[in-house]
Every structure is written in structure tokens, then in C-alpha cells.
Amino acid sequence: MSAIVDIVGREILDSRGNPTVECDVLLESGTMGRAAVPSGASTGSREAIELRDGDKKRYLGKGVLKAVENINTEISESVLGLDASEQAFLDRTMIDLDGTDNKGRLGANATLAVSMAVARAAAEESGLPLYRYFGGMGGMQLPVPMMNVINGGAHANNSLDLQEFMIIPVGAPSFREAVRYGAEVFHALKKILGDRGISTAVGDEGGFAPSVESHEAAIQLILEAIDKAGFVAGEQIALGLDCAASEFYKDGNYVLSGENLTLSAGNWADMLATWVDKYPIISIEDGMHEGDWDGWKLLTERLGKRVQLVGDDLFVTNTKILQEGIDKGIANSILIKINQIGTLTETFAAIEMAKRAGYTAVISHRSGETEDSTIADIAVGTNAGQIKTGSLSRSDRIAKYNQLLRIEEDLGDIASYPGRGAFYNLK
């Protein structure tokens, strides 16, 4: 038995300079696991609650000492002595201890930190790399990265309403080559922007944050960079968008303030469909407001067989909401963010539910990240097939890419890279 003998929570900083929660878990054998949780900027209204202190005199109210105290008192008292290898039982213990539907009492940032740290300790105790601990012998597929090279919306201070413009190296023969494709396009884009006197400052997720005249102008810059780097758009590198449409939904319309446009759901769907016709876009995330299920239904009927339609704010990694979406034929993919739900067990349940329904599951970072690379191991351990972890800059993003490179090396000849096959939800 790998008994838990000590748990220590602490307040650390994330990539935006805001406090977040880190946890150490010590086992009877002396083995220790450590994990830190991320934090989002654009969040779904039904996400599990991230507990903040609210003391404006300290970190502008964003301190997490209450969550840390919950780890060091209530949670610790409840899980000390439990077997670290019994992840589902441990997570259920914390869920029951919290007693709310959204972890609003203890904080999802507290429960997740413990859940992740326990898994790391148990993997170390068993002598397995974390991805192997999660997936057994079946975890051997590297994910296709969706690389956010231009940032807008809540992730940048510019004129773009859409939040992310991504490159997806579907034609790469391996993950290592996919990273190379992405890095070379990133540097080509930086050169193009610099030569035109456009800022090469980066946003929260490491992508550039230029002020350009339109969203199509941003897409065209990326296509130019792909060509400049020597790749073929659509064949070797496809495009993806994260609209984060809940952020610009006002009074029943979609308001693109940067282009001075106010659109109904139907007209907004028409605009997205036009872009799909013109450009090699194969994935659109949060194309409609999280509460606009009629708009989502319209978008799914319009593009659901041609484009991966990812629900992030829509589903918030919650199996109850995902099941409703599956039943109603809404979207065809779910974004998986571990801190939206607050335990690893519930995260894995959402991934499994999506796969059974023929939906893809895209493992994702948050805009506020740390050096913790657990999501890389989750992506491989669950054979998810896709990952979003930012651009090719900022060490908080690169940490995940580097961990995936190590995993690919560890797997050796049995490592696989699905490429376009990761988009099995497209007909």
C-alpha cells in the first residue's frame, strides 16, 4: 500500500504573475509528488470554482491562501492514510468532502492540486513515467499540437476579437517534426511582422498579438508565414480558430468591435463558413456563446461534417453537460481543461465519454500556466490525439512541448503520430 503520510499546499505564481496553488504529497516510502494548477482568463460560467481570497490588499484579491488552507487542514485530514494508487477513491473522497456541485466550498484549485500531486507520487512509487501510469501499455500516441501563433480577445490587448489563431501540423511525420514545423512558422511570422513594423510582443499564451485591420488579415499573415517557412498550407499545416465567442456575445448578437460588425448567430455562422471555404481551417473552438445552444445547433448543422467544432466554455469538461450536447447533436469535440472540473478522475471520464460518442477530446492548457507538464502526460496516456498548449515561446508553454518530446523518445519505435487522423470526427 502506497499510503499518503503528508500533504503540503502552498501559494506560488502562475505565468501571469497571479497566485495559484501547488501541492506536495509524501508517501510512506518517502516518494513525493508535486503538482501546480493553472488558471484561465476567459472562463465558462459553469466551470468548477477557483477559490480566491478576495482580499484587495493582497494580490488584487487573487490570493489563494484559503484554498491552500483547505489543503493543509480539511483535505489533508480526509486523505492521509489513503492509498495513493486508488485515484478514483481519493478523488471521490474530496468531491464528497466539498459537498457542492462546483467545488465551491474547498475550491477546484485545491482539489485538483491534490489529485495531480497524488498521481505523480503514485507513478513515482510504481516506477512508471506519468503517461504510462495514466494509460498503461496502451498510451503510445503523441498528440497533434494546435499552436496558437496569433493571440487576440482576452489573451491580448489588440484589435482582434477572436482569441486564438492556430497552426496545426497535420502533415508532419512525427511529433518532433510537428514541433519543428511550428517553430519555423513562428519565426517566419515574427520576421514578417517585424519587417512591416508590426509589434512582435506576445500574449499570454506566447503567440504574437498584432493589431491588424481584420481577422482575415491575421489569417493571411499566418498563411504567408507558412509559405515563407517552406510548408504547404492545408497539406502540411492546417489552421484552427478559438473564437471564444462568449466574450463578444452581447444582447443576442455577436459583436466584432474590431471590425465594427454586429451579427446574428446565423450571419456569424455564415462568416465562419465563408472563412472555412477560403482557408484551410479544420477546427473552430467556441464558435458560439456557451448559452446559445440554438446557435451551436445551427453551426453544427452547417459545418459539423467539415470542421472540428470544439466545445470549451460550452462543455467545461463536465460529463453532464457533454452528455446533453451529445444527445442534442451539438458540436463534435470537447476541450479538456483539468481545472474546469477539479479532479483527474472526472477529467478522464469526460475524455472517455467523448470518445465513445465519436467526439474528439483536445487536451488544453490555460492562459495562466506554470512549469507543470501534467497535461502532456494526460494527452499521451489517454491517446487523446490533440493538444493545445500555446505558441513556440514562453517557458510555461514550451515545458509541455519538451515533455512530449521526452515521451516520444521514451516510447521509441512504438510512438505514433496521428496527423490528420486525429480528426476522426470529420466525415
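One-based numbering along the chain as shown.
Cβ atoms here come from the backbone N, Cα and C positions, even for glycine.
For reference, Swiss-Prot has these:
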type	residues	note
BINDING	Gln163, Lys337, Arg366, Ser367, Lys388	(2R)-2-phosphoglycerate binding site
ACT_SITE	Glu205	active site, proton donor
BINDING	Asp242, Glu285, Asp312	Mg(2+) binding site
ACT_SITE	Lys337	active site, proton acceptor
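Within 10 Å of its Cβ, the residue among the binding-site residues Gln163, Ser367 with the fewest other Cβ atoms is Ser367. Apart from the site residues Asp242, Glu285, Asp312, the chain places the Cβ of Gln163, Glu164, Leu241, Cys243, Ala244, Ile284, Asp286, Val310, Asp313, Leu335, Lys388 no farther than 8 Å from the centroid of the site's Cβ atoms, the recorded Mg(2+) location. Within the same chain, residues at least six positions away from Glu285 (Mg(2+) binding site) with a Cβ under 8 Å of its Cβ are Glu164, Gly240, Leu241, Asp242, Cys243, Ala244, Leu309, Val310, Gly311, Asp312, Leu335, Val362.
Put simply, the two farthest-apart Cα atoms among Gln163, Lys337, Arg366, Ser367, Lys388, the recorded binders of (2R)-2-phosphoglycerate, are 17 Å from each other. Secondary structure at Lys388 ((2R)-2-phosphoglycerate binding site), taken from DSSP and collapsed to helix, strand or coil, is strand.
Taking the Cβ of Arg366 ((2R)-2-phosphoglycerate binding site) as centre and 10 Å as the limit, one finds 27 other Cβ atoms among all the protein chains shown. Straight-line distance linking the Cα atoms of Arg366 ((2R)-2-phosphoglycerate binding site) and the residue listed as 'active site, proton donor', rounded to a whole number, equals 8 Å. Residue pair Lys388 ((2R)-2-phosphoglycerate binding site) / Glu205 (active site, proton donor) shows a Cα separation of 10 Å. Across the fold, the C-alpha of Ser367 ((2R)-2-phosphoglycerate binding site) and the C-alpha of Glu205 (active site, proton donor) stand 6 Å from each other.
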